[in-house]
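Have a look at the structure below before the remarks.
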């Protein structure tokens, strides 16, 4: 995640802040980043497919912090992956599987302390886990959205639309997408580091990011390596800065690199750069105002009028469900997109990967599976049917008295109170 080495170069403009600074404002939250952080406490359960509410507990604790500070959260979850990111996702998936094998071997050998380290490295954050948080958000009227694809451009889009005033995330990629205010390293006391795009001009001469155009900034991260490119061997962000300051066009940069023996790049790099430029600028996002799929920035007519360019850009911004056919296709005209389907995805009702099946809460799914096994192993079918009609989890096992304080009538009214909370009953989120 992020651009290797970028944040250290921005140290001069990183400000120690308290979230009190954002009182009465709305901040976007990178949902998967919080899920990754939360998974450390329940990695064994997640990898071994056992029920757990620990990742929900983490969210509740953080949301209580924001509520005390009178900050309104807007949680953004990742959707489907992009073709342009396949190499990154494949590498990560392979590494997770390797770590899972090591973890299980260590666990079987009785070395459980070291096994936990590898369990944490093998956790795969899933839409079903996000659904658990979504159900909680619905219960407490907390704004959220599932991005059609990546959360980063979705959060930047919300910022561009004025729906949020900052983004809480650990991902420096957000700056390349155009994030104006990035809040990182948030701790349990509400302290964090703030990086503002307006402060780029205050960076030192050896890293004058404020002097670069947006295209040069994209060239820099492509050379140094990002989620969309493998980068150039031995080129970090500092060396990349020197290169882009000398040559403004990527084609000139690559020509010069080909002439030198010190640097080299893979055959696929040129195409990776082209795809990265499209992905950073025109990714699909969901507009919560119009309830329609759109793009982070408007795609130029020069691109939409070229069949060859349309084929390229679709690999970078994602295919969508076509209106009428209900089939997932490379649709460029927004009028031909089934926006109702994508609205259901954005609300967490449909699975963001297959864009068709119902998205089910992870814990609810595990409970249903357990009840199904009980029904198969014994008991009358009628009694089994009666069982599954009951709540799948006793919410008192999930929500402690401290957590239920979110519904306390004396608490800040920053959140709307649900009818269930007013009546004193809390419906099951699992």
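In case you wondered, yes, glycine gets a Cβ from its N, Cα and C as well.
According to Swiss-Prot, the Mg(2+) 1 binding site annotation covers 30, 78, 150, 152, on the basis of similarity to another entry. Within the same chain, residues at least six positions away from residue 152 (Mg(2+) 1 binding site) with a Cβ under 8 Å of its Cβ are 30, 169, 171, 173, 174, 177.
Swiss-Prot lists 171, 173, 227 with the feature Mg(2+) 2 binding site, giving similarity to another entry as the kind of evidence. When secondary structure is read from DSSP and collapsed to three states, residue 173 (Mg(2+) 2 binding site) falls in the helix class.
Secondary structure counts, DSSP: the region 'N-domain' (1-96) has 54 helix, 15 strand, 27 coil. Taken from Swiss-Prot, the feature region 'N-domain' covers 1-96.
Residues or ranges marked as region 'I-domain' in Swiss-Prot: 114-247.
Helix, strand and coil counts under DSSP for the region 'I-domain' (114-247) come to 66 helix, 16 strand, 52 coil. For the recorded Mg(2+) 1 site, residues 30, 78, 150, 152 set the reference point as the centre of their Cβ atoms, and the other residues of that chain within 8 Å of it by Cβ are 32, 76, 147, 151, 153, 154, 155, 169, 171.
Taking Cβ-Cβ distances under 8 Å and a sequence separation of 6 or more, the neighbours of residue 150 (Mg(2+) 1 binding site) in its chain are 78, 79, 82, 85, 283. Mean model confidence for the region 'N-domain' (1-96) is a pLDDT of 96.
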